[in-house]
Structures are given as structure tokens and as C-alpha cells.
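*Asks:* Would you mind keeping the following structure in view while I ask a few things?
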């Protein structure tokens, strides 16, 4: 394991994990710009490694949450939870295969657009708060079909960004299905864990983790830092205004998205210039 990557990976993992813990996310959407920028990983490698780290942080979160608490409110929401989970798993399998067929430039642009969309979502959540609610309540035949439709989109985003998808699952459950925030966070783990595991399995089967230096030198310390940071963030949650933090992080994601888009545009221009010679 290289010391040149170990300490920065551990630091950034802890910092991002803490920020994610403060707003109830795993932080994978913030890890991706660091993997692409600071560690200069190729887009495909960054997404695959990010997904592997997401699996590690999800497993740690699930062990902590289910080991120390019970969640009786889950029983009233199983139709949408199971539909979301199964659809996300299927989409994650498809998305992992799709990732291999997308060229690096196009993937960079897709990542930029998705990061910008998540940044806007954070800004909307911060501004609207509890006012953003579709009024749906538990009960109704529509829950499973609606969950399946949402799960497909969430699974694809998870595959193309290497994220767990909590930034999409939790708002979907709260605003679309009337789930309370605590139960939504738990349900998000139930939905995300198998979907991310499916994506990691398909990448591993296709040889996506053959670069041991990146996995051991960046992935392991960053995942460990993310877990520790998330625990610290959860402990600090009562003392930090989540709304203000979402505003800041939303802006950070938007800036990162713009930088990625410009980077992709510069590479495209360079490629066109080289082809014209």
C-alpha cells in the first residue's frame, strides 16, 4: 500500500463520510469528484471503485443500524420497499454492463449531469424542507408499481455513479410514499445493499477490480475513513444545521459537475484537433 495515496485517501474518506453522515448520506457522490480529480483515476475505474467502497460503507451502516435498533414502522411499507429493491437490483445488473459500453468522454459527461442533478436536489430539499411532500400516505395498490419504476432509475444512477443511491431513495420514500425520515433511512439500506452488491459482483466477474494498487492503496483506506467519518457525522448531527449543510454541499456538487463537464469538453476538443492533423 503506497503512503502517497494512503493518507490522502484516509483523510478524504473521513471528511466526506462525516459530511455524508451529517445529512444522512454515505458520501459516495462526493467521493467521485475526488477520485476523478485528486487521484486522477479514469472515469470507468473511478465509478467501479466508488461502488466497491459504497458496498463497504453500506455494510458497516447496516450492521450498526440493525444491530442496535428495531424499526416496526417498516412493516407498513414492504410493498414499495421490495419493489424498489428488486427493480434497483435488476437495473444495477444492466447498468454495470452498460457502463462497460460507454466511452470515457460520454461517461464523464453523464457523471457531470447526474452530479448536477443531485446537487440541485440537495438545494431543493434544503430550501423546501418539510413543505416538499407529494401528500402520499401508506396504503394503495399503486405502491409496488411506483416503487418498481423508481427503482429502475435509482439502480441505473447507482451503476453509473458508483453510489448507493440513498440521495434518491430517501427523498422518494419520504415525499412519494409518506415514510418518516428514520424509517426511510433504514429502508434505504435494505434497498441499496443488494443493488450495490449486484453491481460489484458483475464488475468483479468482468475483471473490473484487477488493479490491486487502486483497490488497496485508495479504496481500502478511503472506505475505512468513510465509515469512521460517517459515525462522527452521525454523532455531530444534533449540533449542525442540516439545511445549511445541504445548501453548501449542493453548491459543491454543482461546481464539481461544471468542472467535470469542462474537463470532458477540453478532452473532446483535443481529440478533434489531433484527428484533424
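Each Cβ is built from the backbone N, Cα and C atoms, and glycine gets one as well.
Pulled these features from TrEMBL for this protein:
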type     : residues : note
TRANSMEM : 7-28     : transmembrane segment
TRANSMEM : 34-60    : transmembrane segment
TRANSMEM : 81-102   : transmembrane segment
TRANSMEM : 108-128  : transmembrane segment
TRANSMEM : 140-161  : transmembrane segment
TRANSMEM : 181-201  : transmembrane segment
TRANSMEM : 213-237  : transmembrane segment
TRANSMEM : 243-261  : transmembrane segment
*Asks:* Determine whether the transmembrane segment (81-102) and the transmembrane segment (213-237) share at least three Cβ pairs under 8 Å, counting only pairs 6 or more apart in sequence.
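*Replies:* In this chain the transmembrane segment (81-102) does not contact the transmembrane segment (213-237) - fewer than 3 Cβ pairs sit under 8 Å.
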*Asks:* Report, as numbers and ranges, every residue of the chain located at least six residues beyond the transmembrane segment (140-161) whose Cβ falls under 8 Å of a Cβ in that stretch; write 'none' if there are none.
*Replies:* 28-29, 32, 47, 50-51, 54, 77, 79-92, 94-96, 98-99, 107, 110-111, 114-115, 168-169, 172, 176-177, 191-192, 195-196, 199
